[in-house]
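Comments concern the structure below.
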Amino acid sequence: MATGQKLMRAIRVFEFGGPEVLKLQSDVAVPIPKDHQVLIKVQACGVNPVDTYIRSGTHNIKPLLPYTPGFDVAGIIEAVGESVSAFKKGDRVFTTRTISGGYAEYALAADHTVYTLPEKLDFKQGAAIGIPYFTAYRALLHSACVKPGESVLVHGASGGVGIAACQIARAYGLKVLGTASTEEGQKIVLENGAHKVFNHKEADYIDKIKKSVGEKGVDVIIEMLANVNLSNDLNLLSHGGRVIVVGSRGTIEINPRDTMTKESSIKGVTLFSSTKEEFQQFAAALQAGMEIGWLRPVIGPQYLLEKATQAHENIIHSSGATGKMILLLN
């Protein structure tokens, strides 16, 4: 390490495993931006379920060890590399991805994954945009190809992606139904775009949804936990309905006939299959939502960097989501 190189605190993962493999280090070198890269002084970083899958080694993304987790940071540009024209030191920004990892005091990011954070949103909200809103937008507009007037059920609507999906769906003229498992979660869902909300812990909640939507069924289901809900989802769909799988934590048995009779479809979505051009399209639509005011991230549990292990335990095992989980750096 060069003499005088600036150091920072960061979470490092030296082996794949449980939350306990997240190690806080205070002697990590601050990265230096290269061509088309920016260095961000991180104020907050989003914690996403995918972070835990990657950490455990069960995800198809397997970073070289050791690595620092974290995709969606919000902060202030500290330095820019060569050929960066869209940003300068001092700009407020958020990201959809980082190069060096977001669970750190500084994060390196490619300039095409960095976006201006409007003054009306604080850094906590900025850290809740990247993965949740871009994923929800891709699921609804790109994968499901929703149309105004259609109905959408957000199955697991009180977390980061769920709230984003409710807000986007309402803004685009859909009839929005959501589910949540706690009273607080249900309140948040109704406050953020849903016309109706159901408690998915109740034994008869599927019957209540069926009664609400009538014989036609639901046009689109945004599914956060497919290994639990997919079979029920197929029975809730309308003719030609679509289930978009955003999250799953295991396997499930389904009856393919349930798709045949309604000519329905199941489609998985992953944000990082998006092209640069698609990211630009998503960003333009979401930036408009920020300006108009319908895009307003809801912040849930907040943890200091040194509590990252607890955050990873809670995001998987909590009784019910209530907004986007974030790590605070400053």
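Cβ atoms are placed via backbone N, Cα and C, with glycine included.
Look at Swiss-Prot and you will find Ala2 tagged as N-acetylalanine, backed by similarity to another entry. Per Swiss-Prot, the feature N6-acetyllysine maps to Lys23. According to Swiss-Prot, the feature NADP(+) binding site maps to Tyr53, Ser158, Gly159, Gly160, Val161, His200, Asn229, Val246, Gly247, Ser248, Arg249, Val269, Thr270, Leu271. Sequence annotations record features per position, and here Swiss-Prot assigns phosphoserine to Ser248.
When other Cβ atoms within 10 Å of the Cβ of Gly159 (NADP(+) binding site) are tallied across all protein chains shown, the result is 28. Look at Lys23 (N6-acetyllysine): DSSP puts it in a strand. Residues Tyr53, Ser158, Gly159, Gly160, Val161, His200, Asn229, Val246, Gly247, Ser248, Arg249, Val269, Thr270, Leu271 are listed as the NADP(+) binders, and the farthest two of them sit 26 Å apart at their Cα atoms. Compared over the binding-site residues Val161, Gly247, the count of CB atoms lying within 10 A of a residue's CB peaks at Val161. Taking the Cα atom of each, Val161 (NADP(+) binding site) and Lys23 (N6-acetyllysine) are about 27 angstrom apart. Neighbour counts were taken as the number of other C-beta atoms within 10 angstroms of each residue's C-beta; across the binding-site residues Asn229, Thr270, the minimum falls on Thr270.
Here Thr270 (NADP(+) binding site) is positioned 28 angstrom away from Lys23 (N6-acetyllysine), judged by their C-alpha atoms. The secondary structure of Asn229 (NADP(+) binding site), as reduced to three states from DSSP, is helical. When the alpha carbons of the residue listed as 'phosphoserine' and Gly159 (NADP(+) binding site) are compared, the span between them is 14 angstrom. In the shown protein chains, 16 other C-beta atoms lie within 10 A of the C-beta of Tyr53 (NADP(+) binding site). Within the same chain, the residues at least 6 positions away from Arg249 (NADP(+) binding site) whose Cβ sits under 8 Å from its Cβ are Leu225, Asn227, listed in sequence order. Note on the residue listed as 'N6-acetyllysine': other Cβ atoms within 10 Å of its Cβ, all shown chains, come to 14. Taking all protein chains in view, 16 other C-beta atoms sit within 10 angstroms of the C-beta of Ser248 (phosphoserine).
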